[in-house]
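Features of the protein shown, as given by TrEMBL:
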type     : residues : note
COMPBIAS : 1-12     : compositional bias 'Polar residues'
REGION   : 1-42     : region 'Disordered'
TRANSMEM : 109-131  : transmembrane segment
TRANSMEM : 151-170  : transmembrane segment
TRANSMEM : 190-208  : transmembrane segment
TRANSMEM : 220-237  : transmembrane segment
TRANSMEM : 263-283  : transmembrane segment
TRANSMEM : 309-330  : transmembrane segment
TRANSMEM : 359-380  : transmembrane segment
TRANSMEM : 400-418  : transmembrane segment
TRANSMEM : 430-450  : transmembrane segment
TRANSMEM : 470-489  : transmembrane segment
TRANSMEM : 495-516  : transmembrane segment
Amino acid sequence: MSSPPQQENTSPDSKDEESRHLLTAPLPQSTSPLINGDADDGEEEFAYGSGEKIHVVEFDSVPIDGVDYSTVPPFSWKKLWQFTGPGFLMSIAFLDPGNLEGDLQAGAIAGYSLLWLLLWATVMGLMIQLLSARIGVATGRHLAELCREEYPRWAGLLLWFMAEVALIGADIQEVIGSAIAIKILSRGVLPLWAGVLITASDCFLLLVLENYGIRKLEAVFAVLISTMALSFAWMFGDAKPNGKELLAGLLIPKLSSRTVRQAVGVVGCVIMPHNVFLHSALVQSREIDLKKKGQVQEALNYYSIESSFALLISFMINLFVTTVFAKGFYGSEQAGSLGLVNAGQFLQDKYGGGLFPILYIWGIGLLAAGQSSTITGTYAGQFIMGGFLDLRLKKWLRALITRSCAIVPTIIVALIFNRSESSLDVLNEWLNVLQSIQIPFALIPLLTLVSKEDIMGTFKIGPTLESVAWTIAVLVMVINGYLLLDFFVSEVNGLLFAFLVCAGTAGYIAFILYLISHGGGNVANWFNLLRTKGYSYAGQ
């Protein structure tokens, strides 16, 4: 006997409903055990276990019969609020101590003239991060997991090693930036190495916060970002920058030969390799049915809105820092010697007094930047290590291993380079080079995988967006290549060292070309066609 109509409408497990789901699901990944796994095993195998994900209201509140699952529902402020969070965690990489140092040096040496570049660099960074979010939402897996599955084991391990090196380099900058802030706020009582040890405790803070749920973790980051915004906005108000010059710097592109290095630094700080991996995992914290195309597209729309707003706030914070130092130090004798270590004291000498000493305002903002970025670094390390190596470890153990990999070299570095301000500046230059080298090994896999239909289904990017994304990626890699060339020309001395650098560069370029040719999409096809023609010409 057939069931009454009311019973059919309330039976999501019926065969008819299952057929509807399958017909509207072009995504082969939706049946992967990585998505449909058990909640108990989720802590070991997935970015987020099913019990950890945030349930989005209204996703299950519509009737089943007659629903077009390929249609995106109307905009909802309530849903936007529920999707708000991952973008702000991602935006921390645009506000880490390394970025702040690049901001202050750009302002002191180039004045307001590079603000337009800061704006467009942030837009480029937003596009890359939206692609990272896209691949995470559409597949239910993050970039490190996809790299492990799509590339041969040797290539996957090499990509993991590069990602870990980039993460350690970024973490050293972030931890030392936080330690400098602690030294400022303690009036020099706590040395740099003590600040490093204190900052290392954020690993345990992360574990505690995770136990209370992802929403509590996101709330803590909202507080840290608000602290940065208030601190640097206060500095901005005290400095009273020239409004006309600021607006001209934003709207009129200007670049001179003496500010090229600062311009390269502004663009180079935008894309952090570990952040590309991180964002693809963060977006999986919301519960989404991958079989419903409309629901996936809706999630992508909300993530695009909240990520854009988060990076707008990060842009304003970077703008505050750049303009404060542009107003106070552009054209001064101190402009070329400014860095994180002495910036607070220079600010105090220039703007000291007022209701609250600007030295401590700077210290508070720097501490918030350092603490938040080290926590996200630990978070990214868990996903990178777990995704590439397919580790079956508890999260606390994975976080402890990841933190140890970064903290041990950081303490050694702090003890060695704490002798003078100039030595820390040299360290920072080397760390910037280290991270610049790793950028292709995050961007190329992202752009090749997000263009593959067998991975993304109907959510793969189109030819136009693919061309724009590759143009941005090539531009960023060329700019960083210029930075590397400039750095090595000035720093590489000795025949043996030069030989090692040349050999390493050859291997580096060969691996990049392999990654491009291995991927799908128009760029890989064009590259392989070009290579085939090159072989045929060589044969003739």
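In case you wondered, yes, glycine gets a Cβ from its N, Cα and C as well.
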* Structure fact -> The recorded stretch from 151-170, 309-330, 470-489, 495-516 sharing the largest number of CB pairs under 8 A with the transmembrane segment (109-131) is 309-330
* To do: Considering only the recorded stretches 263-283, 309-330, 359-380, 470-489, 495-516, state which has the highest number of Cβ pairs under 8 Å to the transmembrane segment (151-170).
  => 263-283
* Report, as numbers and ranges, every residue of the chain located at least six residues beyond the transmembrane segment (190-208) whose Cβ falls under 8 Å of a Cβ in that stretch; write 'none' if there are none. => 175-176, 178-183, 217, 370-371, 374-375, 378-379, 395-396, 399-400, 402-403, 407, 410-411, 414-415, 418
* Non-local residues, at least 6 beyond the ends, that sit with Cβ under 8 Å of the transmembrane segment (470-489) -> 124, 127-128, 261, 264-265, 267-268, 270-271, 429, 432-433, 436-437, 439-440, 443-444, 447, 501, 523
* Looking at the transmembrane segment (220-237) and the transmembrane segment (309-330), are there 3+ C-beta pairs under 8 A, with each pair at least 6 apart in sequence? -> yes
* Asked: Between the transmembrane segment (430-450) and the transmembrane segment (309-330), are there three or more C-beta pairs closer than 8 Å, counting only pairs 6 or more apart along the chain?
  -> no
